[in-house]
Amino acid sequence: MARRSPRLTTFLAAVLLIVLVVASSAQAAPQVAAIPGKEAAPTTTASGTATPAPTAADPKPTNPAATAAPPVATSTAAPAPKPTSAPSNNNSGPLPASALAKPVRGSCARRCVRKEVSAATPDEWSRYVAAIKKLNQGQGQGTTPYELLVQEHYDYASTSHGVDAFLPWHRYYLARLEQSLQKIDPNVCLLYWDWSRTSQNYKSHPVFSGTYMGSARPGCIPDGPFANWNTKQSGGKCVQREFNSATLAATQFIAGLMRESPKYTDFRTRYEAQCHAGPHVAVGGSMAVMSSPADPIFFLHHTFVDKAWADYTDLMSGGKYPEPNFAPAPWGVPASQLEKIQDWCYTYDSSPLQAETNVQKPSAIPDKFLEMNFKNVDQKVLAAIKNDTASVLGAVQDKIARNETADLVIPKHELVGGGRVVVVIGAWSPPRMVMRRW
Ligand SMILES: [Cu+2]
């Protein structure tokens, strides 16, 4: 079904660009081809940079499953010891597709305070893991609900990336995961990976350890609860990581970007390109393509991205979504209804991690991200972009020199069927990304 498109990198490598072409046909979900990342040799070693896992310090026993509690799954409770009561991951078949929740605004069976992953209690973490595993149980015996989620991200890639709907689309998507997990275990709340406070050495975050998402070594997830994790979208093989040496967007950089972006669209464009993209590309492999939710670290990452939007909304009350009635497919929920996280049954705990000092701008969005096909016309489109590359870049160079974002204009007639072109400049000095939607 999905066809592999020719690698744009071959003719754009000289200018350190990757051109991303995303179909955005209004009638049908685009035919997309998730292509494993180019095997740029990681320049870093798989050194043991993961910091020690938190310990279960509080001996107070709790059994959340046994409490007929009010519907508040606050994650800010005192640390609990490792439970024995979390759902087990057995080998029976997949849960039905109906295991996936369809969140309704204001309808809260539970309320969550989403925490930084390293601040989760062992109990919270093991329940989170168990519920995610349950969503993906029965591999090879049909499609698991987890795989359906991965597929949704892949199928609606063009309505959810490089456009203003990026943030609301993913907000609903995460609420869908959270409430699906709660159908398995009502005590589960999403957790986030705050990569902005280990931005200069992202592999030093405790998330990259055998306790959480596995040590920072290229290849399959080497250890931890998701060791050798796989989905259909990774071809039935384990999801892959590469780990490059990028530095990510630091807390201070993100704060500055928010302050300098009173308009939502400016914030969204810059944050998506300069902050959100970093961890996708730095981890690389399965995280660097549109089936990226195949790697469960995706959800920790995107929960932090969602927190940034919540923080931005608090900080910049004028930064309203520009098209409040636009309802990104397939959720059918107007974007204006997705602006308040309380409406979707959660808030955020602040990050427990210390801000870094002497941070640099995020470096090296690597010169790859993903490639996708235009339906039936990819060769023509790619040829058109190739021919236009020089003039297109010439037209935006001046803007690029002054601004952090600029429009990229490709003659519309060349892009039969519509679409979107995203150019990522490989070496960020200073960081740049250029987008244009038709
Ligand atoms: Cu996404």
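Backbone N, Cα and C define each Cβ position, glycine as well.
Taken from TrEMBL as is:
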type	residues	note
SIGNAL	1-28	signal peptide
REGION	37-100	region 'Disordered'
COMPBIAS	37-88	compositional bias 'Low complexity'
DOMAIN	161-178	domain 'Tyrosinase copper-binding'
DOMAIN	295-306	domain 'Tyrosinase copper-binding'
Helix, strand and coil totals (DSSP H, G, I; E, B; other) for the domain 'Tyrosinase copper-binding' (295-306): 10 helix, 0 strand, 2 coil
Within the domain 'Tyrosinase copper-binding' (161-178), residues counted as helix, strand or coil by DSSP: 13 helix, 0 strand, 5 coil
Per-region confidence, the domain 'Tyrosinase copper-binding' (295-306) (mean pLDDT, whole number): 98
